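*Asks:* Take a look at the following structure, please.
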Amino acid sequence: MLVLGLETSCDETGVALYDSERGLLADALFSQIDLHRVFGGVVPELASRDHVKRMLPLIRQVLDEAGCVATEIDAIAYTAGPGLVGALLVGASCAQALAFAWDIPAIGVHHMEGHLLAPMLEENPPAFPFVALLVSGGHTQLVRVDGIGQYELLGESLDDAAGEAFDKTAKLIGLNYPGGPEIARLAEQGVAGRFVFPRPMTDRPGLEFSFSGLKTFALNTWQQCKNAGDDSEQTRCDLSLAFQQAVVETLTIKCKRALKQTGLKRLVIAGGVSANKALRASLEDMLGSIKGNVYYARPQFCTDNGAMIAYAGCQRLLAGQQQDLAISVQARWPMEQLPPL
């Protein structure tokens, strides 16, 4: 089955072609970072308009790269949520229009299920069951995964997601958008031990997260430095390192608890923050200490992309899941509501 995947949940237009027998054939992405950087964050209306501009050229591009023609496509998968409604509607409308014109099925895919399954595109995919850490700009969740659509939420953030905390903290200390990669870059030059951040909610049982306090702690620390006349680049580096260490250690502690609670030794990390090198190294060390394994996608498939949507949609289509031509998207969509395969 040859599936065209469309991703438009936020500020990246992703298109890919995935074949159930041959694997990923082509993948293309246009990032709107430069468009939104001047505003310090994503402007939904601008995001939607740019998706409209980019979608069809990217579809033509992946068809050319794969050496395919439209008549060879068996189905279309598109992101139906969660995400920005306007942006989602662009992808959904395009998918359903093409599906109608080509007389093929289209299926809406859950954005975070796409992220969760992205490591399946790698040479050494994880076997079920496993624990998944979904960590992005909008989500921080620990999920037990027994199969596609078989999800048990173990814990999640009670306020800011980890990626959101990265971006907001970066903005508070004067870094460019997107803030997560900027903090990671500066942290490499930071001096450890100068600042010590708390590890929120690690001193109590449970698998919930809270990152809003770290953002406030960073703001107060930065203001104290500025008031003392020390707002140097090195101070930003040291602050970035301390913040990153706090987030990474907090996530690692919670992941270890989740593995112990479930009795599992396989961990998948997915979502934009899973590309963070410090987080990967910390989780690899932790899994090594318990003789377990950690799995993640290559960096280009950690951020939003069409390949993960094409793959996830393909699995559901092969299992016989169907959908009518109604255009329906959801800004919020609990992953536990998805039907199991």
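The backbone N, Cα and C atoms fix where each Cβ goes, glycine too.
Taken from Swiss-Prot, the feature Fe cation binding site covers HIS111, HIS115, ASP304. What Swiss-Prot lists as substrate binding site is LEU134, VAL135, SER136, GLY137, GLY138, ASP167, GLY180, ASN276.
Explain the structural surroundings of these features, please.
*Replies:* Every protein chain considered, the tally of other Cβ atoms within 10 Å of the Cβ of HIS111 (Fe cation binding site) stands at 29.
Under the three-state DSSP scheme, VAL135 (substrate binding site) falls in the strand class.
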*Asks:* List the Cα distance (Å, whole number) between ASP304 (Fe cation binding site) and SER136 (substrate binding site).
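*Replies:* One finds 10 Å between the Cα atoms of these residues.
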*Asks:* What whole-number distance in angstrom separates the two most remote CA atoms of the substrate-binding residues LEU134, VAL135, SER136, GLY137, GLY138, ASP167, GLY180, ASN276?
*Replies:* 17
*Asks:* Measuring Cα to Cα, how far is ASN276 (substrate binding site) from HIS111 (Fe cation binding site) in Å?
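*Replies:* About 20 Å separate the Cα atoms of these two residues.
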*Asks:* Measure from the Cβ of ASP304 (Fe cation binding site) and count the other Cβ atoms within 10 Å, all protein chains considered.
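*Replies:* Its Cβ has 26 other Cβ atoms within 10 Å.
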*Asks:* Excluding HIS111, HIS115, ASP304, please set out which residues of the same chain place their CB within 8 Å of the center of the CB atoms of the Fe cation site, keeping sequence order.
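*Replies:* Going along the sequence, the neighbours come out as GLU7, SER9, THR79, MET112, GLY114, SER136, GLY271, ASN305, MET308, ILE309.
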*Asks:* Looking at the binding-site residues GLY138, GLY180, which one has the fewest other Cβ atoms within 10 Å of its own Cβ?
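*Replies:* Comparing Cβ neighbours within 10 Å for the binding-site residues GLY138, GLY180, GLY138 has the fewest.
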*Asks:* Of all the binding-site residues given, LEU134, VAL135, which residue's CB has the most CB neighbours within 10 A?
*Replies:* VAL135
